[in-house]
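These notes concern the structure reproduced below.
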Amino acid sequence: MKEKSALRKTMRAARRDHVAAIPDMVRALLFNQPPAGLSNLIPEGANIGLYHATDDEAPTNGYIKHFLESGHKVVLPRFTDASSPMEFAEHTDPFEGSDLETGAFGIRQPTGDAAKEQPEVLFVPLIAYTDAGHRLGQGGGHYDRWLADHPGTVAIGMGWDSQLVDALPTEPHDQPMHAIVTPTRLYGPF
Ligand SMILES: Nc1nc2c(c(=O)[nH]1)N(C=O)[C@@H](CNc1ccc(C(=O)N[C@@H](CCC(=O)O)C(=O)O)cc1)CN2
Ligand SMILES: Nc1ncnc2c1ncn2[C@@H]1O[C@H](COP(=O)(O)OP(=O)(O)OP(=O)(O)O)[C@@H](O)[C@H]1O
């Protein structure tokens with residue numbers, strides 16, 4: 001969809017500028033652990049899906065460590081290219097990343113021998129979001145397809161405040177988030 005691709009371009013650039021303007025010492029303090037308001041959405045012992053963040057994405061390392069320390073299994077997406085579906089596999093070493101390898105688009109993901117697992121709560125990267133929980137992703141349809149195929153999943157968008165937009169172009173396959181978390185706000189739970 002043309003309108004979405006144009007918006008992705010603008011919003012990726014806005015995100016790059018936003019992140020570049022955050023001093024490193026401040027950035028290190030952000031997204032260290034999920035806000036208390038999310039705890040109702042996260043059943044005890046649930047498998048938690050996160051992602052391995054690229055440079056400008058909301059960082060996930062703090063959440064990964066937090067959930068592992070709280071007794072949850074953490075799973076990360078694994079995919080071969082933009083057109084094939086993604087799956088999730090267990091990640092146990094956030095300190096060294098010894099169980100990860102670099103895949104398509106330079107994204108670190110679980111190696112082939114990591115056990116396939118299903119997330120029950122899924123933190124989702126995004127390019128833009130609205131205050132009603134609508135989300136614009138990378139355009140591969142990976143998360144939209146996965147969430148359509150796993151309807152019980154609690155989906156929580158993770159992004160920077162600069163990624164908020166008034167409205168997004170929508171298509172019937174777009175999957176709404178149950179909540180969106182930023183360094184300053186929790187939108188939802190809806
Ligand atoms: N960190 C991370 N992992 C993820 C995703 C994501 O958005 N972020 N995904 C989300 O679905 C899945 C991978 N799917 C992807 C689909 C398309 C592109 C993509 O088109 N990338 C752009 C480059 C973006 C940029 O760096 O500005 C491209 O190559 O044109 C990336 C990932 C699963 N893992
Ligand atoms: N449930 C689905 N079944 C089949 N194809 C789908 C489904 N959901 C999305 N797609 C396809 O995926 C492609 C990308 O969709 P869209 O532009 O909405 O992606 P996005 O929301 O930005 O990406 P993502 O969900 O990966 O972050 C579209 O061609 C769309 O038709």
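In case you wondered, yes, glycine gets a Cβ from its N, Cα and C as well.
Remember, predicted model here, so these are calculated numbers, not experimental data.
The annotation ATP binding site is assigned in TrEMBL to Lys4, Ser5, Ala6, Leu7, Arg8, Arg135, Leu136, Gly137, Gln138, Gly139, Gly140, Gly141, His142, Tyr143. The C-beta environment of Arg8 (ATP binding site), restricted to residues of the same chain at least 6 apart in sequence and closer than 8 Å, consists of Ile127, Ala128, Leu136, Gln138, Gly139. DSSP assigns Arg8 (ATP binding site) to a helical segment in the three-state reduction.
Marked as substrate binding site by TrEMBL: Glu57. When other Cβ atoms within 10 Å of the Cβ of Glu57 (substrate binding site) are tallied across all protein chains shown, the result is 19. Under the DSSP three-state reduction, Glu57 (substrate binding site) is assigned to coil, being neither helix nor strand.
Checking the binding-site residues Ala6, Arg8, Gln138, His142 for a CB within less than 6 Å of any atom of ligand 2 leaves Gln138, His142, listed in sequence order. Taking a Cβ distance under 6 Å to any atom of ligand 1 as the criterion, the binding-site residues Lys4, Ala6, Arg8, Leu136, Gln138 reduce to Gln138.
Annotation for Lys4 (ATP binding site): same-chain Cβ neighbours under 8 Å, separated by at least 6 residues, are Leu136, Gly139, Pro169. The two recorded residues His142 (ATP binding site) and Glu57 (substrate binding site) have their Cα atoms spaced 16 Å from each other. On its own chain, Gly140 (ATP binding site) has Ala82, Ser83 as residues at least 6 apart in sequence with a Cβ closer than 8 Å to its own Cβ. Here the CA atom of Glu57 (substrate binding site) lies 19 Å from the CA atom of Ala6 (ATP binding site).
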